[in-house]
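The structure appears right after this line, and notes come after that.
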Amino acid sequence: MTDTQAAAERIAQLRTELDTHNYRYYVLDEPSIPDAEYDRLFRELQALETEYPQLLTPDSPTQRVSGTPASAFGEVRHEIPMLSLGNAFEEQDLLDFDRRVREGLADLLPGGDLLGGGAEVEYSCEPKLDGLAVSLLYERGQLVRGATRGDGSTGEDITSNVRTIRNVPLKLHGEGWPEILEVRGEVFMSKAGFEALNAKAVETGGKTFANPRNAAAGSLRQLDSKITASRPLEFCAYGFGQVSGTLPDTQVGILEAFRGWGIPISRELRLVKGAQACRDYYDDIGRRRDALAYEIDGVVFKVNRIAFQRELGFRAREPRWAIAHKFPAREELTELLGVEFQVGRTGAVTPVARLKPVQVAGVTVSNATLHNMDEVARLGLRIGDTVVIRRAGDVIPQVMQVVLERRPADAQAIEVPEHCPVCGSAVERTQLVKRSKGKESISEGAIYRCVGRLSCQAQLKQAIIHFVSRRAMDIDGLGDKIVEQLVDRGLVASPADLYTLTYEQVFELEGFAELSTNNLLAAIADSRKPSLARFIFALGIPDVGEETAKLLARSLGSLERIGKALPEVLTYLPDVGAEVAYEIHNFFADEHNRQVIAQLRDAEHGVQLQEEGEVAAEFAACASLAGFIDKLNIPFIAATGAEKLASRFGSLDGIIRADWLDLRQVERLPERAAKSLRDFFDEPANVQRALAIEAQLREFGMHWQSERKAVEGLPLAGQTWVLTGTLEAMSRDVAKDKLEGLGAKVAGSVSAKTHCVVAGPGAGSKLAKANELGVKVLDEDGLLKLFDEHGVAR
């Protein structure tokens, strides 16, 4: 045997030994050799690899640290979004979650009377670590990529850094792992590791961290992986993303498989059945919280069976099959030193408490939110008071109550300034209006608002920061500090001014040179052709988030239609209630906002919207005359009465013109309902408004003659469809809306009268029942083909 062959054999032996010791130490918590012996074996391997560099491989335990610092983190697009979890703060929240799960699985669970308690769901339970969510991608058992969660859709490539975490296997153990396996989990720092890190920083005069979570996040995002390697980071897996191959069919089974492959999981993982067992687990972990080696802020419950998870699906930003049950926030006493007022993007002037610094759950708190002046009044708060401070969710400090017995004699009342603390404009008090069922009522609350609009630098800065953000116009490199410079120097007085910035103006900014100037101007130029959805979100319409912006763009197709849509028309969009509809309508009706939009769309310097088109077919098909009458909120006219009126008269004009005798001939329409309807349409303003709404609905492609004719004219009229399993191209709710737009009735269970079942991956008893009854079954491709045939947009 040659020297090289002998070295190769010894290197392979050392790597196997070290990997085994790492697995026993970090995963099984059963160290088999002293640390000194581990270090000796590690140094021997390093020496051999230095002497025989041709035998060095990337998965060697010595290769956790990269040699050259990175200049920046690359972007990683998550194939399957890394969604956040919904939260439970009270026991009732947990019970409501369990009820929703059981309702969603009604036809899959045994036990008869479901909500009577006959069936209980199995849940996996584990502590919610207070760290940073990351994704580890393994291909053929080798770690090939690490990424942060980011915004859920896009994260940062931190491969070099996660390789330095000692309990992250560079190569999976055992066998049976999928060819491609994305492991998701939390990078965190133990309490002991955090204390040691800070102690070392104090000794060397370095920076200390406020808490383990900040330390973990800061360590993981170092461009130099050598720094990350010097920090005591750990990883704990809690789930999976993309997979090419097979995994066990339960959450607990998958995590136990991870453990067998060398991937660390929580030692507190448990499998329980029912909501009470979840509560018992929560109480047990809560009692032992301070004794755990790491910080946690709650526990996580997940439906155990993967098929059930698929059946339940997702909401817009969170799964329906999992919830984080947060612990009560930590509270401390401190003194209110003063109150300052800050101005937000919409001009709202809100109070911020300035506190005598106090440690709350490991963080020094000197400021706290007071939300608004109604909250100040509710608390009876005065400057000089001793107050109870809570970090809600262990993150956001709040003033919870006043300790009245400690109030000093010179405590001062808190008053809203008459003029904006930033621009000096008047501060106006606006009474809040509550809208419900077409009626307005004055709310007890009020909002104080600076009237300066974009002439107020605080509002201008926040408006531009929102406008350029990743989910809006996505102008890379235009951070908060640069926005502040642009506004402070008078270079930008509205978002439209970004598109007229010159090279000379940007070059003069602090921190800019030739390359950075060109990069920023290029990024601004690249943002000139946004999608309609991005542009709507970028405008900063109150209560319009990213999902609502997408819905508006997808349904109405153009900025012109959105801008002139009446609030009653907007409520035909799913999940757009009266409050949001009026916010949208009022925003576009405002002359100042119209001017800003006109400047942004200036033909020479402004943006050119992409993806403008027609009204979506499913939106045009979603209106009915009965539904329209119901939305008018006429007293004593409920949905049943509206259907009878639509069937009897067939048109809005016919209903408006109906006299008392005509109305009394409507079968089983109560006399008081008939009188209420006649009184309503005797008011000219009501007639004018109803006709205006109908005219706009017709302009947007909606038509009706009678409820029966509207349905009979649709291709799937009279058919009952059922959706089951997971759909990839769209959510089941969207598919349901599209089918209903074609005239189908979408039911929750299969019967002999069912026309067709659409079955995606994970379909269970509904698919089996369809096959048993001989009901037609389509897969997702078949459903999409059907939509294409009938001109329904995907």
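Heads up, the Cβ atoms here are built off N, Cα and C, so glycines get one too.
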Candidate from Cys278, Cys450 that Swiss-Prot assigns to the same Zn(2+) site as Cys420, Cys423, Cys456: Cys450
Cβ-centroid neighbours of Zn(2+) site Cys420, Cys423, Cys450, Cys456, 8 Å, sequence order: Val343, Gly347, His419, Pro421, Val422, Gly424, Ser425, Val427, Val451, Gly452, Ser455, Gln457, Ala458, Gln459
Euclidean distance between Cα atoms of Lys128 (active site, N6-AMP-lysine intermediate) and Lys302 (NAD(+) binding site), Å: 12
Secondary structure of Arg149 (NAD(+) binding site) (DSSP, helix/strand/coil): coil
Cα-Cα distance linking Arg149 (NAD(+) binding site) and Cys423 (Zn(2+) binding site), given in Å to the nearest integer: 38
Within the predicted model, mean pLDDT of the domain 'BRCT' (711-794): 84
Those residues of the chain, 6+ apart, with a Cβ under 8 Å from that of Cys456 (Zn(2+) binding site): Val343, Gly347, Cys420, Val422, Cys423, Ser425, Cys450
Helix, strand or coil at Lys128 (active site, N6-AMP-lysine intermediate) [DSSP, three-state]: strand
Residues that sit under 8 angstroms from Lys128 (active site, N6-AMP-lysine intermediate) by C-beta distance, when 6+ apart in the chain: Ile296, Asp297, Gly298, Val299, Val300, Ala324, Lys326
